[in-house]
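What Swiss-Prot shows for this protein is this:
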type	residues	note
BINDING	ASP34, ASP86, GLU158, GLU160	Mg(2+) 1 binding site
BINDING	ARG47, ARG70, GLU158, GLY231, ASP233	DNA binding site
BINDING	ASP179, ASP181, ASP233	Mg(2+) 2 binding site
COMPBIAS	369-386	compositional bias 'Basic residues'
REGION	1-104	region 'N-domain'
REGION	122-253	region 'I-domain'
REGION	336-344	region 'Interaction with PCNA'
REGION	345-386	region 'Disordered'
Amino acid sequence: MGILGLSKLIADLAPQAIRESEIKNFFGRKVAIDASMCLYQFLIAVRSEGAQLATVNGDPTSHLMGMFYRTIRLLDNGIKPVYVFDGQPPDLKSGELAKRAERREEAEKALKAATEAGDEAEIDKFNRRLVRVTKEHSREAKELLKLMGVPYVDAPCEAEAQCAALVKAGKVYATATEDMDALTFGSCKLLRYLTYSEARKMPVKEFSYDKVLQGLELTSKEFIDLCILMGCDYCESIKGVGPKRAIELIKSYRDIETILENIDTSKYPVPENWNYKRARELFIEPDVADASAIDLKWTEPDEDGLVQFLCGDRQFNEERVRNGAKKLLKSKQAQTQVRLDSFFTTLPSTPNASTSAAKRKAEEAKKSANNKKAKTSSAGRGRRPK
């Protein structure tokens, strides 16, 4: 689910935090990609196009086709992807997972009714709602990435949190996902639509964490409380508090504790045993592997291994697979070109970095204005009247 309404809130109140770019502008960048989100996109996309790719036994292969060709496209554009897979979900997410199970059950009933009625549009709609990424999908995707020479990371818990940790450690430039909670976990950069197909012609949206905080005029902790108020995966939200009201409350009271002391609970009922403190802890100190100890390596593809894995039962075209492998090898050899900014060391971000940067920027602007004023005054005094 991510954070409800966060993308629009940032677009409305901190538009300077969003930049639209073509994929080619990320040449030379290393990017941590939310693997489960990608696999879901691939399964949905192929199903919505009306052709479910499958093995001779009927097992889906659309996730593998999507992963194979979309990864080649990223590498063709000089981007070095590292895929991050979800681990065990935190206990606090059980409520959200239960809601998803309920929605799935409702979709199954609706699909049955649509099938009996012969309504093709409704059948397609509810079929897509029933798509989910399984452990087998993830296992196959990891095997494919290994043969392609592309690194992946198994997160102990949430993939977005692990991606954010890799960004903060300076291992990669950004997190690529459609879930906005990557920002709540503190990812310095968030890329949306990076893994979308070229046919959709969607520009990549880049969100800057520092500029989000500056634009919203919040500290990192206040931003986390804002996200909890707006609605996250880890706890319920206060009924009647949407994005607009949430930002007003945070700006007025600065934290959830003070909000609860002042809010009109008859108008905005607070959930019973509201576990917002634990949710806050999960965002501040998520369960992640030590990013500094993770060694990311992009190696040459195993062409014969790819043919053996994708062709045969999975029915991929051998010629296309071999052509894909050659593109992978070519992009690996072309990666000797680097971005100019890669010559400079990327320092791991610190919790107070964004707040300090904002203060420093304000002080520099004030100093610059004073200097300019002083120069103008002295120039005026030294000029002779004509």
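Placement of Cβ uses the backbone N, Cα and C atoms for every residue, glycine included.
Computed from a predicted structure; not experimentally measured.
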Taking only the residues in the region 'Interaction with PCNA' (336-344), give me the average pLDDT of this model.
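On average, pLDDT over the region 'Interaction with PCNA' (336-344) sits at 59.
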Between the Cα atoms of ASP233 (DNA binding site) and ASP181 (Mg(2+) 2 binding site), find the distance and write it as a whole number of Å.
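A Cα-Cα distance of 9 Å.
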Which ones, of the binding-site residues ARG70, ASP179, ASP181, GLY231, have a Cα no more than 10 Å from the Cα of ASP34 (Mg(2+) 1 binding site)?
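Matched binding-site residues: ASP179, sequence order.
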Return the residues near ARG70 (DNA binding site) by Cβ distance under 8 Å, restricted to its own chain and a separation of at least 6 in sequence.
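Counting only residues 6 or more apart in sequence, the Cβ neighbours of ARG70 (DNA binding site) under 8 Å are CYS38, PHE42, THR195, SER197.
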Report, as a single number, how many Cβ atoms besides its own are within 10 Å of the Cβ of ASP179 (Mg(2+) 2 binding site).
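A 10 Å sphere around the Cβ of ASP179 (Mg(2+) 2 binding site) contains 23 other Cβ atoms.
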Once the DSSP letters are reduced so that anything not helix or strand counts as coil, what is GLU160 (Mg(2+) 1 binding site)?
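GLU160 (Mg(2+) 1 binding site) sits in a helix per DSSP.
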Sequence gap of 6 or more, C-beta under 8 Å: which same-chain residues meet both conditions with respect to ASP181 (Mg(2+) 2 binding site)?
GLY2, ILE3, GLU160, CYS227, CYS232, ASP233, PHE283
Between ASP179 (Mg(2+) 2 binding site) and GLU158 (Mg(2+) 1 binding site), how far is it from one CA atom to the other, in Å?
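That separation, Cα to Cα, works out to 11 Å.
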Between ASP86 (Mg(2+) 1 binding site) and GLY231 (DNA binding site), what C-alpha distance do you get in Å?
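It is 21 Å, counting Cα to Cα.
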Using all protein chains in view, find how many other C-beta atoms are within 10 Å of the C-beta of GLU158 (Mg(2+) 1 binding site).
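Around the Cβ of GLU158 (Mg(2+) 1 binding site), 29 other Cβ atoms lie within 10 Å.
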